[in-house]
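Presented below is the structure to which this report refers.
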Amino acid sequence: MGKRSRQRQKNQNTGRDSRDNAGWGAGYADIVKENKLFEHYYKELGLVPDGEFDQFMEAMREPLPSTIRITGYKSHAKEILHCLKEKYFKDLQELEIEEQKIDAPQPLSWYPDEQAWHTNISRKIIRKSPLLEKFHQFLVSETESGNISRQEAVSMIPPLLLSIQPHHKILDMCAAPGSKTAQLIEMLHSDMDIPFPEGFVIANDVDNKRCYLLVHQAKRLNSPCIMVVNHDASCIPTLQVDVDGKKDVLYYDRILCDVPCSGDGTMRKNIDVWKKWTTSNSLHLHGLQLRIAVRGVEQLAVGGRMVYSTCSLNPIEDEAVIAALLEKSEGALELADCSGDLPGLKWMPGVTSWKLMTKEGQWFLDWSEVPSSRHTQIRPTMFPPKDPEKLADMHLERCMRILPHHQNTGGFFVAVLVKKAPMPWNKRYPKLRKDASSSSAAPTKCSTETSAVPSPTPEGTPQEAVEDPPEEKSDTKGTEEAPKGSKQDKLCGPPPSKKIKLFGYKEDPFVFLTEDDPVFTTIQSFYDLAPGFPKLNVLTRTHDGKKRHLYMVSKELRNVLLNNSERMKGIYTLQPYIRSRIIQVSVEDVKVLLTQENPFLNKLEDKAHAQAKEMVMGSIVLKYIPNPNNPAEPQCPIQLCGWRGKTSIRAFVPRNERFHYLRMLGVEVFRDKQGLGQKSKDAETEANDKMERDVEEGEDVDLENGGENLSEPQTDSGLKESSS
């Protein structure tokens with residue numbers, strides 16, 4: 001849903017409860033949930049059906065339900081859903097906490113395959129109640145492992161309406177903190193048999209610090225098809241790609257335009273909106289929202305789809321932006337009818353008439369009524385079109401407004417736009433003459449999906465104007481600055497804008513390896529890599545010296561990075577290409593590997609033990625293959641990275657993922673909160689780090705200290721077999 005205004009974000013702590021996460025945070029007890037101006041404004045606009053306004057306001061004052069979404073593309077999704085329904089949700093039934101009866105969690109009726117659930121338990125209660133401690137720990141560890149996302153229900157709607165296919169090139173214009181970005185990535189990987197989908201997601205945010213959140217969200221999903229970019233969405237640069245040996249403009253098949261907004265639809269969780277809300281917020285944001293939307297449709301491919309969304313109910317931020325965009329497009333855009341796309345979702349059609357109110361309570365029905373003293377604050381695009389025929393052709397009723405009291409959600413607005421032809425202003429711009437000075441593109445900060453944080457390159461090299469793109473002229477307004485002495489001002493086109501000064505962090509660039517790089521010689525023989533392994537997609541962080549870390553991206557992201565390298569800086573999918581160093585393990589073997597630090601080889605069952613003995617020291621793949629004849633065991637494959645030492649074996653599994661796999665195997669995991677075992681946990685972490693450093697530096701590593709058992713009381717977790 002749309003972000004809150006930037007200035008208001010600076011005045012509050014947004015780290016605890018991001019707007020994409022459901023429920024309340026603590027510390028709002030003294031805020032009175034009353035705002036007479038808000039009630040007067042929305043009652044006068046008539047957006048709420050007759051007789052329902054009191055219900056609407058009552059719902060706005062109630063805490064928002066907690067909602068979770070299962071990562072549907074993962075092979076473990078069915079196992080996680082089974083675990084939730086048969087264990088945790090059953091434990092929640094008939095509970096009463098703080099004189100509040102806990103209702104049994106229910107699936108969202110409009111979300112496919114029961115992959116999203118909601119309950120009336122607020123985040124505050126989940127965190128604080130001892131009765132819900134196990135459920136809370138489950139949510140935390142599974143979220144960190146990327147298997148579930150705690151995301152507000154209405155925030156899940158825009159990605160569903162984009163109708164993502166694995167080959168789509170997607171731009172998320174205002175992406176942080178990244179819950180919807182994660183959904184987009186999941187949809188790209190809907191077919192788990194394809195490790196490198198043709199499509200990709202470029203996730204952008206204007207705030208460098210919020211880009212850290214994007215990287216963290218994307219990293220959980222281990223996708224090679226995500227790139228994080230740090231730029232002002234209203235002037236995000238046009239990128240280039242190589243098509244049949246020629247440079248071409250990158251147009252996106254799908255764009256998510258989830259713009260900054262006043263956030264009055266978030267009052268159920270962002271309680272401070274009650275005292276800060278005023279009609280001026282919408283007036284200040286309308287122009288920015290329209291500029292971002294315009295920049296989005298400029299980069300959308302003909303035939304592509306863009307979703308515009310906000311978490312505001314205000315027509316000034318919603319229908320007014322869409323109407324202005326449609327009017328500017330002169331028929332190049334149309335609103336899609338999505339009434340049948342999400343069966344079970346209740347929504348109100350968009351409105352075709354609205355009026356504007358100042359914070360002093362003065363109403364304006366038309367631009368002609370606005371005094372000249374207010375022309376800088378109130379713009380013509382904030383009002384409905386005057387021409388009834390033109391207004392009817394826009395079909396603003398196809399917009400969707402979700403009201404909180406209809407399905408116990410937050411407030412939300414969404415509109416789906418389809419591009420039928422190039423934008424008219426792109427067609428009319430003549431291409432720049434060869435003798436005109438080329439523009440200088442603003443440097444863009446980006447990162448492929450790694451743990452590294454986006455960082456800027458030095459000043460970008462001049463970029464030549466794109467000539468004769470297949471559909472429309474690239475409009476790079478906001479990213480160009482005409483050099484002194486240029487004849488640019490004599491050309492018909494968008495005016496040059498002020499140069500944007502960016503700050504960031506200096507990092508080593510990513511460098512693509514060649515197919516004959518010596519690093520592949522050892523890797524090829526050690527792992528018996530399949531001939532189809534995409535060597536050209538592998539990156540490193542150094543031109544010279546030892547290549548200790550290798551990264552991998554998809555073919556199409558490699559195309560983007562190579563063709564925009566002067567403007568940006570930028571692994572998990574290897575297993576299908578590895579044909580040796582694989583040990584097939586049983587359920588009992590996996591339990592041993594996940595509950596003991598360095599078990600001796602003879603702790604494995606006979607088959608796995610024999611395979612391990614035949615291997616020399618080094619990295620291994622530990623692979624569990626489900627047995628369909630034994631439904632009591634997990635019915636999804638499990639693949640773990642590990643290390644074969646001289647006499648012992650070890651699985652490299654992050655702590656939360658370890659808990660995840662143990663739950664799937666029927667081992668109940670519960671962290672001891674009495675402070676026991678903190679020392680041993682720190683020692684374990686230090687040992688892990690040292691060992692991994694040694695492995696990276698080529699040192700011989702012997703893991704033969706014989707198996708510290710994680711189920712011992714001195715550790716930070718207690719493990720026991722579940723009766724279920």
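Quick reminder: no glycine exception, Cβ is built from N, Cα and C everywhere.
Model, not experiment: these values are computed from the prediction.
For 1-22 (among others), the entry in TrEMBL reads region 'Disordered'.
Annotation comment: TrEMBL describes 56-420 as domain 'SAM-dependent MTase RsmB/NOP-type'.
Annotation comment: TrEMBL describes C174, A175, A176, P177, G178, S179, K180, D205, D232, D258 as S-adenosyl-L-methionine binding site.
Look at TrEMBL and you will find C311 tagged as active site, nucleophile.
The annotation region 'Disordered' is assigned in TrEMBL to 429-495 (among others).
If you look up TrEMBL, you'll see 437-460 (among others) marked as compositional bias 'Polar residues'.
Feature annotation from TrEMBL assigns compositional bias 'Basic and acidic residues' to 471-490 (among others).
Annotation source TrEMBL lists compositional bias 'Basic and acidic residues' at 676-693 (among others).
Residues annotated as region 'Disordered' in TrEMBL: 676-724 (among others).
Sequence annotations record features per position, and here TrEMBL assigns compositional bias 'Acidic residues' to 694-705.
Annotation source TrEMBL lists compositional bias 'Polar residues' at 711-724 (among others).
Within 10 Å of the Cβ of A176 (S-adenosyl-L-methionine binding site) there are 27 other Cβ atoms, across all protein chains. All protein chains considered, the CB of C311 (active site, nucleophile) has 29 other CB atoms within 10 Å. When the binding-site residues C174, G178, K180, D232 are compared by the number of other CB atoms within 10 angstroms of each CB, D232 has the fewest.
Comment: S-adenosyl-L-methionine site residues C174, A175, A176, P177, G178, S179, K180, D205, D232, D258; largest CA to CA distance 20 Å, whole number.
Across the structure, C174 (S-adenosyl-L-methionine binding site) and C311 (active site, nucleophile) are spaced 13 Å apart at their Cα atoms.
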